[in-house]
Every structure is written in C-alpha cells, then in structure tokens.
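Lifted from TrEMBL, the feature list:
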type	residues	note
BINDING	B:Arg203, B:228-229, B:242-246, B:259-266, B:Asn280	FAD binding site
DOMAIN	B:3-183	domain 'Electron transfer flavoprotein alpha/beta-subunit N-terminal'
Amino acid sequence: MKVLVAVKRVIDYNVKIRVKADHSDVDLTNVKMAMNPFCEIAVEEAVRLKEKGVATEIVAVTVGPKAAQEQLRTALALGADRAIHIETDERAESLAVAKLLAKVVDEEQPGMVILGKQAIDTDNNQTGQMLAALTNLPQGTFASEVAVDGDKLHVTREIDGGLQTVALTLPAIVTTDLRLNEPRYAKLPDIMKAKKKPMDMKTPADLGVEVASKVSLLKVESPAERKGGIKVASVDELVDKLKNEAKVL
Amino acid sequence: MSILVLADLHEGQLAGATAHVVAAAEAIGGDIDVLVAGEGVQAAAEAAAKLNGVTKVRVADNVVYAHQLAEPLSALLVELADDYTHVLASASTTGKNVLPRLAALKDVSQLSDIIAVDSADTFKRPIYAGNAIATVKSDDALKVITVRTTGFDAVSEGGSGSASIEAVDVVVENSQSSFVKEELAQSDRPELGGAKVVISGGRGMGNGENFKLLDGIADKLGAAIGASRAAVDAGFVPNDMQVGQTGKIVAPELYIAVGISGAIQHLAGMKDSKVIVAINKDDEAPIFQVADYGLVGDLFEILPELESNI
Ligand SMILES: Cc1cc2nc3c(=O)[nH]c(=O)nc-3n(C[C@H](O)[C@H](O)[C@H](O)COP(=O)(O)OP(=O)(O)OC[C@H]3O[C@@H](n4cnc5c(N)ncnc54)[C@H](O)[C@@H]3O)c2cc1C
Ligand SMILES: Nc1ncnc2c1ncn2[C@@H]1O[C@H](COP(=O)(O)O)[C@@H](O)[C@H]1O
C-alpha cells in the first residue's frame, strides 16, 4: 500500500525560544529549525512498514515556506520515495493543513496516512484528527504500536489511564506518540541520493484551499518567570522549610 | 451563550477533569449543558448533574459510544452542536482525540489547551512547550475548545442534583473503528492530574525496582507518582506516568522531582506547581533553576532519610 507521511518544519526542540519585544509572536530569526520530532517518528514508521513489505511507496508532504523543502529532503534521505511541497508563506493553521492534506489524499489514494500527534511549536495536536474527519476515515491517534492485520489496522494508543487498542478499517489515519519507534539518522550516501528523488511543487491555490484562518493571534507573552529558590543543606532543613515556610506538609 | 461540555469518563465514572471544564465554561458565561456519552453511564450523569453551574445533563447511553471512540462521538457531537455557541472538553486524551474531529466536521478551527478565558471569543493558551503564552481570538460561529484543567479551579458539587437529566436518542453508526482492548494502570494512589502532591522520578532512579523508594514517601504524603520521559522510555514505569509537554500537565501544591535534570519538555508539565523541590546529585542541573528548594546529593541516601523524617 501507499503510505503518505506529513512532516512539519519547526523550531529545533533543544532551542529555548524568545518572545518578540512587540509581543506579536515568537522570534524565529536565526533560530535552528528541524523536522518536528513526532514527524521523524512518522517517517520512521513508514520506512519500517516498507521494510516489512507492507508499504510499497512512501510519499512525504509538507505545507510551508520554501525552506521547508529541507525537511522533505530529510524525509527522502530517511527512505521516502518522493515528496510534495505545498508552498505558502502564510501561517497555515491545523484546519488549513488538514484541508490541503485531504486534497492530497484524494489525489494519491494512500492506504495509510501517518502524522505526528503534535507539532512542538503550536502544541495543537489536531491535524491528524481533522484530516480523518475531512476524508471520512477512521483515526488511530497517539499510537505506540501499529500492526496491519488482514484488512484491519490495529493501533495501540497511549491514553491517560494506560493503553488502548482499536481496530480500524483501511485506509486509516495514524498519529504517532513518542514510543512508537526510535527514528534512525540519515546516512551521508542517502542524503546524496535524496537530492535526486522527485519533489512536486503545488500551491494552496492549485488545490483550491483558502489558508487564512478565522483565528487571529492577538498577542504572545512570556510566561510568568519562576524565581529560582534556595538550596538546602540537609533533609532536616528541607522538611523544616516545607513544614514551616512553604506550609505544604 | 450556550455551552456544551463533553464529560470525561474514567472506567465509566465521571472523571475529576469535568468539574474544571465546567469552571472554564462558567468563565465564558451562559447556559452550561454537559454531555455524558458512553455505555452504562447513568451514575456518571447523576454525578455531573450535581456539579454547580450545570443547567442540564444530556445522556447518550448506547453501546456505540462505549470507550468514547472518536468516530461515533464526533458524529454525535455534530448532531448536537447546532444548539450551542461553544463545545468544550478537557485536554485529556479523549478530548484531544474527539474535538478536532468535531471541529473539522463543522468546518471551524479548534483551540487546544486553553488556560484562561479573556472573553467569550478570546482565550489564552500555552505554545512552544509553555515557553510562550498566546492570546487568540476566534471568529468562528462555533468555538470548539479543549481546556487545560490546571488553568481552572474545579466547580464544587451542589449536592442537590439540581440540573435536569435528559436522554439523547441520537444513535450513530460506526463501522470504521472498534475497541479491541485496554490495559489500564491499577493504582490506589490519587490521579496524577488531580493530586495535591506529586513525586516524580527520572532516569536517575536507575531502574524500575528503585521507584519503590518513592512509594513510602507517596504513601505518607498521599501523593501521586510521576516520571520523566527518560524513565518511561527506559521502561522503569508505564507511559501514563509521564509528566511534561507531551505527557500529563500537573500543578500540585507540592512537586518533588527526584533524579530529573529539568529539560524544557519536563518543565512544561510541572512548572506551574506551587512549591517545587528538586533532589539531584548534579548541582548544575537545570531543575534547580525552577525549584523553590533544591537538595544536592545522592537520591539513594536522601529518599530513605526523607521518608523517615516526614
Ligand atoms: C518531542 C519531545 C517531547 C518530549 N516530551 C517530554 C515530556 O513530556 N516529559 C519529559 O519528562 N521529557 C520529555 N522529553 C524528553 C526530555 O527532552 C528529556 O530527555 C527528559 O525529560 C530527561 O529525563 P530525565 O531528567 O529523567 O533524564 P536525564 O536528563 O538523564 O537526567 C537524569 C538526572 O538524574 C540525576 N541523577 C542521576 N543519578 C542520581 C542519583 N543517584 N542521585 C541524584 N540524582 C541523580 C542526574 O544528575 C540528572 O540530572 C521530550 C523530548 C522530545 C524530543
Ligand atoms: N504545515 C504542515 N505541513 C505538514 N504537516 C503538518 C503541518 N502542520 C501539521 N502537520 C502534521 O500534523 C501533525 C500534528 O500537528 P498539529 O496538529 O499542528 O499539532 C504534525 O506532526 C505533522 O505530521
């Protein structure tokens, strides 16, 4: 089956962000960018499905500015066969991304779409669920295990109380949790080969999707800073402070 | 304004999170209905009717809603949503699974994890692992929102059961997804999200067996036990114990971090705790920058001493 993987370009997870002085947004100038960690897990899962003979072709898709092609190249180096870049400089919210991906699903007819559960910039955790709604497909979110069983997909989901397994009809939408797999690193020869793999360019207009959203970002602030406290010298002092100063014991 | 709150269930019972979501609904203002959807959920509906501020409880009790799978639940919500200006759920794994699906079916955006209500259309939510707080305004006709429970104090129980309970007879079809099994952690301890005291262990605990060192302290303090991702990844403890950006968000009176370095992703889940204690052998560990009380030393010596001193 064909597997579609959605990857997002985001700030590197190790970078500590700064809010712009005018509070209009977060300052991303000269900040290290990378593939969203949950998308790395999505790509890895697709590659493993191909290695198992379940997937026959892997198509990586991104919605974003020209620079997002770097993340598509990474996906190609990791094992995707071809890529689709939907180029926009606008801030594409989850609903718009889901609409664009739904168009791609329409054109490509994949057996499975794998997305990250959450982009670590907006922390939205929505796009996969929205894509499932728009394509009228079942969803296996926050997956820690995925197994094809005949015409069904078994997805083990990380839920608040523990683990839940659901069986979905195919095609299906899957979103990845951290423990689904441990992504590999791209090898240099594969990075070279990835440069020659095909990449399709499209715009939201080509697909007939309006990117503008009805949600506006009014302000971005830094959270209340926690003042660092003190170091205590012993367990006795700690217990005393907790009882008599903080009064939490 | 009329608001529909999707109740959170835990093994068929009303989960504590719902009272926090009702509080968020009160901050928006207007009539508040609670939808209890599941199988055999009459007791949960009665518990929801006791929450202060609730006008009406709507109960969809049918096998198709068992385990609150996203496909039937969002289809049900689509049928009910036209009566409301807002649909709210907690930012639990159920709320996060169902509400975006509802939003897309209604062709509206969804706001995740709000922590404050500025007005009926303007909300605050953390982004970038809580390192920035965004104020967002929604011009959508229907607002679909998940609520971070730590942002809103739970409404109390009126005890009178004053809200009316009404059956919803909408039954949707679901041939796409089915429940196979669930492995739920069994514990007598308080739920992580609602506990007044949380003690969490990290990679420094060394192995799963050593987490027992936290048990005695947790027993004495009535605490829930949490963990860092590194501890979960290493297989010391199960995934439902993970605190952080991509795990549970907690804000107890007292949070004790043991053998946890303090990565931003972990801090995202606990830095709104009232008092933070860090126990770590590395005096440069970043966790000390947010700790009210830091104790530098070997956890294997400190924990037994702490247990006997409290
Ligand atoms: C996309 C993404 C999402 C993530 N989400 C989360 C999340 O939700 N929650 C989360 O926690 N992490 C998350 N992480 C992982 C995070 O980046 C860190 O890797 C993780 O929090 C580290 O866990 P730790 O502090 O237990 O381990 P380490 O960083 O290895 O720290 C162990 C600490 O134990 C101390 N120690 C060791 N032995 C002893 C001893 N005998 N006595 C006292 N102290 C000792 C050490 O000094 C050290 O400070 C995420 C990462 C990514 C990429
Ligand atoms: N701009 C984008 N381009 C491609 N995929 C995206 C984009 N935004 C979100 N996604 C996918 O949706 C997942 C969840 O993102 P979100 O719902 O925004 O938190 C990500 O991990 C990606 O797989």
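Each position is counted from 1, following the chain as shown.
In case you wondered, yes, glycine gets a Cβ from its N, Cα and C as well.
Just so it is clear, the model here is predicted, and its values are computed rather than measured.
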Chain A, Cβ under 8 Å: which of the binding-site residues B:Arg203, B:Gln245, B:Ile260, B:His266 qualify: B:Gln245
Across the domain 'Electron transfer flavoprotein alpha/beta-subunit N-terminal' (B:3-183), average pLDDT on the 0 to 100 scale: 96
Among B:Ile260, B:Ala263 [binding-site residues], residue with fewest other Cβ within 10 Å: B:Ala263
Cβ-based isolation winner (fewest other Cβ atoms within 10 Å) among the binding-site residues B:Arg203, B:His266: B:Arg203
Packing count at B:Gln245 (FAD binding site) (other Cβ atoms within 10 Å of its Cβ): 23
In three-state DSSP terms, the structure that B:Ile260 (FAD binding site) belongs to: coil
Same chain, 6+ residues apart, C-beta under 8 Å of the C-beta of B:Gln242 (FAD binding site), given in sequence order: B:Gly226, B:Ala227, B:Ser228, B:Arg229, B:Val232, B:Lys248
